[in-house]
Amino acid sequence: MIQFSDLHKAYQGDTVLGPVTGAIEKGGITSIVGPNGAGKSTLLTMMGRLLDPTGGRVTIEGRDVFTTKSREMAQQLSILRQENQFTARLRVRELVAFGRFPHSQGRLTEDDHRHVGEALEFLSLTQLADRYLDQLSGGQRQRAYVAMVLAQDTDYVLLDEPLNNLDMKHSVLMMRQLRRAADELGRTIVLIIHDINFAAAHSDRIMALRDGEIVTTGTIPEIMRDEVLTDVFDTPVSVLEVDGRPVAVYYS
Amino acid sequence: MPVSEQPPPAEPQSATGRVAPASRRGDRGEPPPSRCRRRPRLPRFTAPPPGARVAIVGVLVVVAAVCYLLLFIRGSFQFAFDRRLTTLGTMVVVAFAHAIATVVFQTVTSNRILTPSIMGFDSLYVMMQTAMVFVFGGSALARTDGLPKLVVQTVLMVLFAVLLYRWLFAGRFANLHLLLLVGVVLGLAFESLSSFLQRLLSPTDYDMLSVRLFGRMSNSDGSYLPLAFAVCLVVGAVVWHRRHRLDTLLLGRDTSVGLGVDHKRELTVLLVLVAVLVAFATALAGPMTFFGFLVATLAYQLTGTHEHRHVLPMAFLLGLFTLVAGQFLMQHVFYAAGFLTVIIEFVGGIVFLVLLLRKGTL
């Protein structure tokens, strides 16, 4: 379980998040939703220890993410940011192999190669493994990043907008693959999603943020209700039932 | 140099390992037949693996070094050999320091354009020399030459770097771009101060000073070399120990932290090492602004991998080869030994400008 208490971030006195207190349960997929500037990325990057909080603490299974040794943390928690700019020109396989760094410190063992192969396989990248990242489409590249994070083989996986740059088809495929990672590999996945319907269709829980506060956290039926979504997004939203699934309509 | 970036085209006679790409290509839905009706061609040159490339450059370095040490000796063999050995030693130190410092610096700052010189290192050296001549006169330069001065200069330059890094990283502005900007601004300030002081010098003093302000391989003092080698060895061992961590730093701060690298600590340690190397090389052989840039850029192109365990030796060997072969040619073919560093700077500067214009950004 990821727990955070009084977590708070301010830039030059302007609070962008919190103080928030809450928890993300172990297992399954938790989606973080909310309007722009709600503090979603801030919360996620602080949970992933990439950003120092102004106050408060984050623990994973009782261990403080900021004081635990970075290498040990990296074996338990992986995080993928939205933008990834690399100085070097890398092949897909080389990138995914970096995911094994917390375990091997750069000297890949048989076991590491197996993990890399599995991660490539899992995201259907085996055929692209020897291509350079800059020879891939945005969606393929996004998959390669996710493969790296999965190769890290951590219980907790944090993803900042993994559907960025993906078209309809690949968004669905990505969510299915993440669903499989959660179900078959037993990962706890936390992700930020812009499309509330994607979140509703593929995740177990939703955490809704607005103006740097957590408005509500709950299961899909608890969140997918007119009044809750209207409140979170500050826009009239009505939830319809389509094929037995709640679908939010908000274009009017 | 063309690095084999794509899998080699599947030739019919290729061994089992080569068959796979062809079938994969079919799976991707690209038309495989178009490749078959290509005109028959010479066996394709497959680029050697990174390790072999490093070895090739290593052999070239040995050849160049042997030529430089043993050919065209007129008069006393012992005298010429000793002198050349000293110069060769200096070149080893300079090549090592500039190459390793530049590659490490570019890795930790996530760019392939800026070099330690931009942090104001060269300018600081120039200012220290100028200030010394200004205060004590031109003859002071020669009188104070010696190990203590070398050490003091190095310590001063490292101190400058460490203070700058600490101030910038410990404070609220933990920002690499700001650090670079401050480096550039300080560099400019030192330069302006130096040129102001140089204007006030007498022509004789200025003449004695200007000799110091260009890199010089051939007239460095052999007595510094043991210390220089020791410094290079220690720094080299520390950097080598971190070669895999350096690889992850190529992915940027966030990704490397996510992979369990203590980014802040690595950054500080590595930047201090860079400071030590550049300070030492500059104090030993004068400023060389674009040499490190040149060999690092070449190394990235020629190594064919991002891995530091190959790039670092490659950069060092390329640097050494450039210096030794260049010195040999300049001395015995063009009879202009003193111009080597000028030419390297000239070529390096042009490559720098070309790359900068092509990329358009830092």
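All residue numbers here begin at 1 and follow the chain in the order shown.
Glycine is treated like the rest: Cβ placed from N, Cα and C.
Record features (TrEMBL):
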- B:1-44: region 'Disordered' (REGION)
- B:1-11: compositional bias 'Pro residues' (COMPBIAS)
- B:52-73: transmembrane segment (TRANSMEM)
- B:85-105: transmembrane segment (TRANSMEM)
- B:125-143: transmembrane segment (TRANSMEM)
- B:150-170: transmembrane segment (TRANSMEM)
- B:176-201: transmembrane segment (TRANSMEM)
- B:222-241: transmembrane segment (TRANSMEM)
- B:269-299: transmembrane segment (TRANSMEM)
- B:311-329: transmembrane segment (TRANSMEM)
- B:335-357: transmembrane segment (TRANSMEM)
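Contact counts against the transmembrane segment (B:85-105), taken as Cβ pairs under 8 Å, peak for B:269-299 among the stretches B:125-143, B:176-201, B:269-299, B:311-329, B:335-357. Taking residue pairs at least 6 apart in sequence, the transmembrane segment (B:269-299) and the transmembrane segment (B:335-357) share three or more C-beta contacts under 8 angstroms. Put simply, of B:125-143, B:176-201, B:222-241, B:269-299, B:311-329, the stretch with the most CB pairs closer than 8 A to the transmembrane segment (B:52-73) is B:311-329.
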